[in-house]
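Undergrad: I am attaching a structure below and will ask some questions about it afterwards.
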Amino acid sequence: MKALHFGAGNIGRGFIGYILADNDVKVTFADVNEEIINALDKEHQYDVILADEAKTTTRVHNVDAINSGGPSESLKQAVLEADLITTAVGVNILPIIAKSFAPYLKEKETPVNIVACENAIMATNTLKDAILDITGPLGDHIHFANSAVDRIVPLQTNDNLLDVIVEPFYEWVIEKDAWFGPELDHIKYVDNLTPYIERKLLTVNTGHAYLAYAGRFYGQPTILDAVNDDNIRHGLENVLKETSQYITTQFNFTESEQAQYVDKIIGRFKNPNLSDEVTRVGRGTMRKIGPQDRIIKPLSYLYQNNLKHDALIKTAALLLKYDDTNDQETVEKNEYIDKHGVEGFLKSFAKTDDQLTSEIVKEYNVL
């Protein structure tokens, strides 16, 4: 089996490539980072190191890489030969990579599964729409399967450029009905993906976002520092109580199941062998304040149903306070707020109504 994976960064190598290689899949990475592409093409292997006490190490073999910066014969050949095409590039980049390989799908005669592995709800649909905008209708042998992915891969610098440190925990869930062919090991195939996507997004990503924005506000430089701050950790617990109410109300997870899941997630945040800078986790504020994203989506539901939502109000306010001159979205956010005010920003980007906007603005003003 052959896979073409777009995104040769830490998540691509340390999570998606790692799982595929463990299934004896021949992985070709596609990226625009020439340094990484050249290294992969030279070494054809790298180490994945678990952030546990033993630093358990697995060597990933039999990989190669190609540049995906534009049309090329090597990229075309990789698409035509692939049984699986995956991505880990960021949901905003999906339309860009679609341009690089979509035309080749018109020439493809063999079945392929296409799976976007992004921190976003139904990201494969986003990729599919971008592809079909370019190609028009494709044959029934092109299969698009949505997925939910979860593995913390921190910002890192290693002696070997290709080696990557990851947390021991991972979860990769794929739509069963949309998948073609034999199922792969270490991947969960489910009939209804939405509960898993939303549980992960509104527990892991919402919790991570709160720790990043609260950590930045209260002077804690890393996620580990933030979660070990009693005040911030108490706030995190309150945030996840609120998102848990949304999750158990909307989906078929019991309160006990969700409480156990929350405990597991907080334990992951506390892993002393795995820390991350709050500035890396906090970046992308314009996207993260969106109405269907990790903060406003559960907040709006709880607000509309007269359920407790104070902690999520504070999370939204902390995001608005967040400042990082190295993150372009945050720079744009702050420039917009300076010009149009917090209320104008929320109405334009969070799409909150007058009352909910007022609650967030009030919290913002007292921080």
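Cβ from N, Cα, C; glycine included.
Pasting the relevant annotations from Swiss-Prot:
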- A3, L4, H5, F6, G7, A8, G9, N10, I11, G12, R13, G14: NAD(+) binding site (BINDING)
Undergrad: Have a look around R13 (NAD(+) binding site) and count the other CB atoms within 10 A of its CB, chains all included.
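TA: That number is 28.
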Undergrad: Can you tell me the three-state DSSP label for R13 (NAD(+) binding site)?
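TA: Where R13 (NAD(+) binding site) sits, the three-state DSSP reduction gives helix.
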Undergrad: Just to confirm: which same-chain residues, 6+ apart in sequence, have a Cβ under 8 Å from the Cβ of G7 (NAD(+) binding site)?
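TA: Once residues fewer than 6 apart are set aside, G7 (NAD(+) binding site) is near I16, F29, A30, D31, T87, A88, V89.
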Undergrad: Check G7 (NAD(+) binding site) against DSSP and tell me helix, strand or coil, would you?
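TA: Looking at the DSSP assignment, G7 (NAD(+) binding site) belongs to neither helix nor strand, so coil.
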Undergrad: In the structure shown, which of the binding-site residues A3, I11 has the fewest other Cβ atoms within 10 Å?
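TA: With the binding-site residues A3, I11, fewest surrounding Cβ atoms within 10 Å: I11.
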Undergrad: Taking the Cβ of G9 (NAD(+) binding site) as the reference point, list residues of the same chain whose Cβ is under 8 angstroms away and which are at least six residues distant in sequence.
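TA: Once residues fewer than 6 apart are set aside, G9 (NAD(+) binding site) is near D31, N33, I36, A88, V89.
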